[in-house]
Each structure stands twice: as C-alpha cells, then as structure tokens.
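Feature annotation from TrEMBL assigns NAD(+) binding site to 8-13, Asp33, Arg38, 86-90, 127-128, Glu161, 272-275, Arg342. According to TrEMBL, the feature active site, nucleophile maps to Cys272. If you look up TrEMBL, you'll see 328-452 marked as domain 'UDP-glucose/GDP-mannose dehydrogenase C-terminal'.
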Amino acid sequence: MVKICCLGAGYVGGPTMAVIALKCPSIEVVVVDISQTRIAAWNSDQLPIYEPGLDEVVKECRGRNLFFSTDLEKHVSEADIIFVSVNTPTKTRGLGAGKAADLTYWESAARMIADVSKSDKIVVEKSTVPVKTAEAIEKILTHNSKGINFQILSNPEFLAEGTAIQDLFNPDRVLIGGRETPEGQKAIQSLSDVYAHWVPKDRIIATNLWSAELSKLAANAFLAQRISSVNAMSALCEATGADVAEVAHAVGKDTRIGPKFLNASVGFGGSCFQKDILNLVYICECNGLPEVANYWKQVIKINDYQKTRFVNRVVSSMFNTVSGKKIAVLGFAFKKDTGDTRETPAIDVCKGLLGDKARLSIYDPQVTEDQIQRDLSLNKFEWDHPIHLQPMSPTSVKQATVVWDAYEATKDAHGICILTEWDEFKTLDYQRIFDNMQKPAFVFDGRNIVNADKLREIGFIVYSIGKPLDSWLKDMPAVA
C-alpha cells in the first residue's frame with residue numbers, strides 16, 4: 001500500500017489530500033500539521049476552512065484512508081511520498097523584504113524529513129515557491145541523507161478558492177516537474193500513477209523542475225494581469241462615459257482573449273496573486289532583469305491604484321469628508337464562496353476610510369469578527385506568518401464594528417460599500433435599506449453586482465466601477 005503524507009493542513013494540503021484519498025481508496029493519506037487546533041478542527045464536524053463540497057469528501061474518507069494527525073515524525077518516516085504544503089509568506093524584514101518568499105518553514109520541513117527518514121522518499125513541493133527552491137531543498141536533503149535517496153518533484157497547485165473541489169475533480173492540467181535523470185523520471189511516474197486514478201493521461205504534464213516552479217508563478221501573474229488590465233480600463237471608462245462591462249464583453253468575444261477574468265472590480269485579493277508577482281519581480285531582479293521586473297510590478301501598482309481610487313471616490317462623493325459618518329461595508333472576503341480574507345481589497349479600503357475617521361459597520365456571511373479585527377490591525381504581510389509570531393491580541397479597531405446582518409450594517413448609514421460579490425447582496429430589500437439610511441444615501445458598488453438603475457429609482461446615488469457616472473458624482477470629482 002502506497003503511503004502519502006502531507007505536511008501542512010491548510011487551504012492546499014487539506015482539500016488536495018482529501019480528494020486523493022477519495023479517488024485512490026488503496027492509498028493511505030495522512031495530513032500532518034504542528035497546529036493542534038487546526039488538526040482538531042479537521043477531525044471535527046466544523047472543518048477549519050469553508051469550501052463548497054469539502055465536507056462531504058472529508059466525511060466520506062476520514063478514518064478510512066484519510067487521517068489528520070499532529071505526529072509529524074511518525075507519519076513522515078512511514079510515507080513513500082511526502083507532499084510539502086507549508087506557508088511561503090513574503091519576507092517582512094531582511095534581504096528581499098516585501099518581495100522575496102520566506103522559506104523558513106520550508107527549510108525546517110526539509111531538515112525534519114531528512115532527520116526522520118529511514119527509507120527512500122519522493123518529496124513533492126506543493127506550496128508556491130520561488131524558482132530554484134527545489135535545488136536548495138535537494139541540497140539540504142542530500143547533505144543530511146545518511147545514505148537515503150530523495151527525489152524532489154514540483155507539483156504546483158492551481159486551485160481557485162470557492163471551486164477547489166471541482167478543480168481537483170476535473171483539473172485543466174496536473175503539472176509534475178522532476179529531474180531529467182532515470183531516478184527523477186521514475187519519481188515523476190510514481191506521482192503520475194496517483195493522479196491517473198481519475199485524471200486523463202493527456203492532462204498530466206511532465207516538465208523539468210524549473211519549468212514547473214516557474215509555470216505556477218507565470219499562471220498567476222497572467223491572471224492578475226488580466227484583472228489589472230480591465231481595472232485600468234475601468235478608470236478610463238468613468239472618465240469618458242464608456243461602460244466597462246460592455247467593453248469587456250466586446251473584448252472577451254475575441255476567441256484569442258476569451259471572456260474569463262475580465263470583470264472590473266475594486267481590485268484582486270487572495271493569498272497568491274500579489275505574493276507570486278512580488279516573488280516573480282524579486283527573481284527577475286536577482287537575475288539582472290530589471291525591465292522584466294518593472295513590467296510585472298505594474299500589475300500590482302494598478303491594483304493598489306484601483307483600491308485608492310475607490311476610497312477617494314467614496315470620500316469625494318460625500319462632501320469630501322466621511323469623518324464620524326457610518327459607512328456599511330458589505331463583504332470582507334476577497335471573493336464570494338470563501339471565508340478567506342488574505343490580501344482582500346476590503347482591508348485597504350476599510351483602512352483608507354478609517355484613516356478619514358469614518359465609522360464602519362461590516363457584514364460578511366463567512367468571516368468572523370475576530371478575523372476582521374485581526375486583518376484591520378495587522379501590518380502588511382504579517383497575516384501570512386504563524387499566529388504565535390503575530391501580535392498577541394490585536395488591538396481591536398474601535399471605529400469598526402462587525403455585525404451579522406446586512407440590514408443592521410446599513411441602518412443609519414450614510415453610504416454602503418459592496419466589496420465582495422456574495423449572491424445574497426443582489427437580492428437584498430434595497431427599499432427597506434434606503435428607508436433606514438441617512439440621506440442622501442450612497443451605494444458604492446465595488447463588484448458591479450447591483451442593478452444601478454433600480455437603486456437610482458429608489459433614490460440612491462450609485463457609483464459602479466467603470467460605469468457612466470451619476471450626475472451627482474460628476475459634480476464631485478474624485479480628488480486623487
């Protein structure tokens with residue numbers, strides 16, 4: 001029986017291993033993590049992450065051939081294939097701070113694997129890592145190997161949160177990079193055999209190590225670039241009276257471009273896009289390619305610009321001050337159908353409004369008050385480091401309250417900012433909301449999900465990203 005062990009029970013390790021266990025009943029899969037609370041949650045009825053379809057998969061396999069444990073050494077030493085999906089946060093200090101990936105957790109994982117291994121292992125990089133990480137890991141393992149053979153593979157994940165289980169059931173491609181030696185090729189074959197239980201052979205792609213590592217960064221950079229491209233156009237649309245939805249539709253009809261990832265919004269978020277592009281920028285700089293680095297930097301600059309522009313639009317529309325005004329924030333997660341707030345644009349928008357002394361009332365159907373307060377009080381990049389390295393009790397932000405109902409959030413508010421495209425926000429009773437708000441009542445739709453014309457009939461002043469402006473907004477130009 002093949003035994004698989006996965007280090008790291010997060011957004012990648014948990015769902016990926018659950019699906020492997022479901023599709024390969026003959027393989028024993030153990031997910032290990034040093035966090036006891038996280039493992040306890042995976043073993044309970046309340047899983048630590050929200051992902052449609054995940055509950056059913058875990059409950060079907062758990063205790064049969066899927067296990068969650070804190071006994072790292074036992075399971076690592078018994079495994080044939082070890083997946084490593086530990087955090088690779090952006091460094092907050094030292095060389096490459098603010099850009100380079102912090103490989104501390106990766107390195108300690110590699111050293112632990114070398115320490116406890118008594119038989120040959122295949123070690124698989126699952127976390128997003130900078131190109132050439134495999135080489136460093138290989139050195140650590142071989143210098144500490146005590147005669148044991150390790151083969152390193154890169155098997156980057158291409159999951160989208162909110163659809164992770166579907167993505168795993170039916171992936172566009174499974175990418176496996178390995179050494180071009182007979183042993184390397186054999187290791188690639190072993191991992192391919194696992195995926196071949198449910199993935200068609202022609203979707204399993206074998207490459208060299210560096211190609212696999214770089215493909216992941218490149219894919220995320222290309223996706224983020226599309227969002228920044230359409231967001232850049234949204235600013236021009238507002239200035240000229242064009243409608244960004246119409247422009248994006250026309251552009252997306254070109255089969256060479258395609259319609260996906262062309263929705264203008266308040267900005268992209270998520271744990272990967274910004275981190276991966278910063279990583280790409282750093283690698284380019286280290287390899288003496290400043291022009292390439294600057295090219296990719298622009299993708300993040302436009303994303304930051306879009307968030308700033310949104311805050312400026314809110315403040316300028318409301319007589320250039322939001323001081324002491326209640327503003328309802330609907331949605332805090334970085335996109336719908338996930339409780340994940342990592343790098344969500346809501347953080348920068350809320351901080352911008354708080355900086356202008358607004359009072360915020362925040363509602364998100366999946367994000368806890370504790371998480372929102374933590375996000376608003378942490379410095380950039382700190383969220384990605386282990387809890388014990390973060391400030392113990394984040395000072396709660398006094399001017400932000402978290403409520404569990406959209407109607408409570410909007411009561412007596414001067415304005416509403418929609419920052420996540422949750423379906424429920426499309427069907428709210430906006431007449432009831434309008435009646436309970438201060439007038440003039442504003443809606444700033446950062447996701448273009450409400451019917452602006454209907455809201456204007458009710459009496460709202462509406463700002464939708466990249467859409468022709470209300471006459472009110474034209475008279476109150478956004479000051480940059």
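Quick reminder: no glycine exception, Cβ is built from N, Cα and C everywhere.
From a predicted model like this one, the values you see are computed outputs, not experimental measurements.
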Restricting to the domain 'UDP-glucose/GDP-mannose dehydrogenase C-terminal' (328-452), report the mean pLDDT as a whole number.
90
Just to confirm: which same-chain residues, 6+ apart in sequence, have a Cβ under 8 Å from the Cβ of Gln274 (NAD(+) binding site)?
Ala224, Phe268, Ile300, Asn303, Glu343
Using Cβ atoms only, which residues of the same chain lie under 8 Å from Glu161 (NAD(+) binding site) while being at least 6 residues apart in sequence?
Tyr11, Glu51, Gly270, Lys335, Asp337, Thr338, Asp340
Which number gives the other C-beta atoms within 10 angstroms of the C-beta of Gly8 (NAD(+) binding site), all protein chains shown included?
24
